[in-house]
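Single-structure report; data block below.
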Amino acid sequence: MALYATAASVLAGVESRRGSIKGLVYASSFQNVKQLYALVCETQRYSAVLDAVIASAGLLRAEKKLRPHLAKVQRRVSRNEDLLQVGSRPGTASQVPRFVRVNTLKTSLVDAVDYFKRQGFSYQGRASSLEDARALRGRCFLLDPLLPELLVFPAQTDLHDHPLYRAGHLILQDKASCLPAALLAPPPGAHVIDACAAPGNKTSHLAALLQNQGKIFAFDLDAGRLASMATLLARAGVSCCELAEEDFLAVSPSDQRYRRVQYILLDPSCSGSGMPARQLEEPGAGTPSKARLQALAGFQQRALRHALTFPSLQRLVYSTCSLCQEENEDVVRDALQQNPGTFRLAPVLPSWPHRGLGTFPGAEYCLRASPETTLTGGFFVAVLERVEVPR
């Protein structure tokens, strides 16, 4: 009963905007945080249907002391999907596979695959199409056809308690989220800036590509997120990263520490409209207000313009987990207009099926991702490269 009561309290807190699901779950005194988080997320996911079920059953009229949120979490059916009417079942977002990046700083792809096979998983080899990933069931898994260290498991696979994950050998990271570091592709020995770095999955990916040789300067303003990031990087075996609790916009491009920086990854704060989990935690995140979009886009434009002023910069990746044109193509177009003849969009992954919106010439070189078109979370990526050699 304590589980249901705590879940009801968290739901009430989310509804009254006292915090996000994750924040309220971790702030609760309930011991099994994972179980509580799962229950709250599932209840939130089916909230509208549960409201209808409770109303039609007259449950609150019959039980005067029963709180509405407690009624939701206690409503039992054999499967959550049984709550949904035909035509309103979970969309493609709920069918996105579980992507697992093998952390090559600690293990190899071969060793990771062998470990899963010894645990009774069935390795199906390299996928040849999205349909291969869509058809995964049970304990089968695949190698992604594009990213060489990315494994693909069925959507409901939970690896949070897996020993390889706890040891930092595996990173649970959506495929679209792996694209920024993979497309930046800094060679070992390079100096890289990760401008808005927390929570750190992309930073650890950069370190793996660098083979811990070179330097990553990682910035973030949130001290709490940086502390969590430091733990993540330590578990992942990252030793080439320098963390700084600092606003990237305040970092001077003329500082001699960054004179060798040729690569920048800029993944700034965004609306999160492409993230199904964010939409669960923050109702309405999928359709941010015009005022919020303007504020976010203003910051994103300033950050991208600032990043392009680093004198030795050769290649930059700009990415968001947003679906909104204002945060994506519009920001890139603004940066290119501010730097005519200096930077251009690099044509990347020509076979990628979902391209940028045709709002300006060359926008087709940008990449978009979505559950429907790429079987990933919603994402946007643009790769900018310098046209002229810096003097």
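The backbone N, Cα and C atoms fix where each Cβ goes, and this holds for glycine too.
Per TrEMBL, domain 'SAM-dependent MTase RsmB/NOP-type' is recorded for 88-387. Positions annotated as S-adenosyl-L-methionine binding site by TrEMBL: C196, A197, A198, P199, G200, N201, K202, D220, D247, D267. TrEMBL lists C321 with the feature active site, nucleophile.
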Same-chain residues at least 6 apart in sequence whose Cβ lies under 8 Å from G200 (S-adenosyl-L-methionine binding site): A218, S228, M229, L232, L233
Cα-Cα distance linking C321 (active site, nucleophile) and K202 (S-adenosyl-L-methionine binding site), given in Å to the nearest integer: 13
Cβ atoms near D247 (S-adenosyl-L-methionine binding site) (within 10 Å, other residues, all chains): 13
Cα separation, the residue listed as 'active site, nucleophile' to C196 (S-adenosyl-L-methionine binding site) (Å, whole number): 13
For S-adenosyl-L-methionine, whose listed binding residues are C196, A197, A198, P199, G200, N201, K202, D220, D247, D267, the greatest C-alpha pairwise distance in Å: 19
Rounded Cα separation (Å) that holds between D247 (S-adenosyl-L-methionine binding site) and the residue listed as 'active site, nucleophile': 20
Cβ neighbour count (within 10 Å, all chains shown) around C321 (active site, nucleophile): 22
The residue listed as 'active site, nucleophile' and A198 (S-adenosyl-L-methionine binding site), distance between Cα atoms, whole Å: 14
